[in-house]
Amino acid sequence: MSGLCFNPFRLRWSLRSKLPLEPSLPNLPCNPSSSKTNRYAEAETMEKKRFDSMESWSMILESENVETWEASKGEREEWTADLSQLFIGNKFASGAHSRIYRGIYKQRAVAVKMVRIPTHKEETRAKLEQQFKSEVALLSRLFHPNIVQFIAACKKPPVYCIITEYMSQGNLRMYLNKKEPYSLSIETVLRLALDISRGMEYLHSQGVIHRDLKSNNLLLNDEMRVKVADFGTSCLETQCREAKGNMGTYRWMAPEMIKEKPYTRKVDVYSFGIVLWELTTALLPFQGMTPVQAAFAVAEKNERPPLPASCQPALAHLIKRCWSENPSKRPDFSNIVAVLEKYDECVKEGLPLTSHASLTKTKKAILDHLKGCVTSISSPFSSSSVPVNA
């Protein structure tokens with residue numbers, strides 16, 4: 001904790017005089033000749049300036065009409081986030097409508113994701129609100145070592161926030177960007193891949209499809225363990241099994257999603273195949289292409305990132321299975337975990353990854369041969385064949 005540097009302010013709960021629930025925008029000049037679009041653009045600019053001010057963020061969260069939630073493992077899940085215990089620190093990531101800050105909540109290092117809900121764009125507002133509700137609803141019921149832990153949430157339009165555990169080493173994409181191409185050891189590749197696949201195996205066991213699995217949404221902690229994060233576009237499989245539309249990111253998106261066809265949990269397996277390729281190369285998938293060009297290459301030409309010659313054949317085979325064009329040919333994460341665990345055992349025993357597969361095939365071939373020999377031999381005392389299991 002001592003190493004964290006925080007801004008000298010704290011969100012206090014009702015310690016000041018009552019603040020306005022939502023600071024009003026300055027009056028815009030009335031110009032009969034200006035179009036409605038221009039007026040909305042000016043209003044949006046004013047709102048953005050207000051939102052960009054850290055002071056206004058704290059004012060909104062300090063207001064009395066704040067809906068709060070806090071995760072609990074009891075029979076009844078209650079969310080009672082105590083904002084007097086929340087300290088906001090420095091921003092370390094941002095997006096089009098969100099910012100992520102370091103913070104402390106109840107003496108624990110946390111990440112505070114703040115989402116700005118625009119008031120002048122109805123479609124965007126509805127989409128962001130739904131993503132926020134979905135992420136809170138899903139995260140609050142997920143408990144696994146390889147899933148980022150939800151701690152609390154608060155909602156005060158136009159600012160919504162989600163508080164999760166702080167992952168000090170950033171995301172997997174940042175980690176790979178610092179590495180030389182093809183430089184990760186097979187031990188590291190398998191360790192990271194196992195973390196991801198175990199988290200995804202659990203997620204699918206809970207009936208959840210992530211829909212945006214990528215290196216940017218995989219976070220690393222102090223021990224360099226990976227946790228799956230960012231559930232804004234996730235959904236329960238019963239609610240999105242036959243859903244259409246592309247909710248993920250093109251470079252990692254399965255072809256059926258790009259084509260807006262019905263899809264299943266196997267879209268996550270495809271994305272994992274791309275991530276596994278990233279681990280073996282440390283490169284950005286479809287580097288040199290724009291996201292749209294990458295989507296076209298996958299959907300129309302069935303292209304995939306090139307597998308390097310240095311990639312272990314067994315690992316290359318798994319990657320190809322994961323990103324198969326036919327979803328039914330992609331393995332489940334339970335199978336992926338089992339395969340990676342066997343590969344990990346081979347590496348620890350100093351054996352090549354192909355050894356396990358080769359030994360399995362050899363053993364099966366020997367058993368089949370013996371079975372054929374035994375069943376073809378007739379007993380001298382009986383015309384019946386010798387039982388296989390005799």
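Counting starts with 1 at the first residue shown.
Placed from the backbone N, Cα and C atoms, the Cβ positions cover glycine too.
Per Swiss-Prot, the feature domain 'Protein kinase' maps to 86-359.
Just so you know, the Cβ of Ala96 (ATP binding site) picks up 7 other Cβ atoms within 10 Å once every protein chain is counted. Among the features that Swiss-Prot reports, ATP binding site is placed at Phe92, Ala93, Ser94, Gly95, Ala96, His97, Ser98, Arg99, Ile100, Lys113.
Asp212 (active site, proton acceptor) falls outside any helix or strand according to DSSP and counts as coil. According to Swiss-Prot, the feature active site, proton acceptor maps to Asp212.
DSSP assigns Ile100 (ATP binding site) to a strand segment in the three-state reduction.
Counting only same-chain residues at least 6 apart in sequence, those with a Cβ under 8 Å from the Cβ of Phe92 (ATP binding site) are Ile100, Tyr101, Arg102, Gly170.
Ser94 (ATP binding site) falls within a strand when secondary structure is assigned with DSSP. Counting only residues at least six positions away in the same chain, the Cβ atoms of Asp230, Gly232, Thr233, Ser234, Met247, Gly248, Thr249, Trp252, Ser271 sit under 8 Å from the Cβ of Asp212 (active site, proton acceptor).
Here the binding-site residues are Ser94, Ser98, and the one whose Cβ sees the fewest other Cβ atoms within 10 Å is Ser94. Ile100 (ATP binding site) has a Cβ environment of 19 other Cβ atoms inside 10 Å. Counted over all residue pairs in Phe92, Ala93, Ser94, Gly95, Ala96, His97, Ser98, Arg99, Ile100, Lys113, the record's binders of ATP, the longest Cα to Cα distance measures 14 angstrom.
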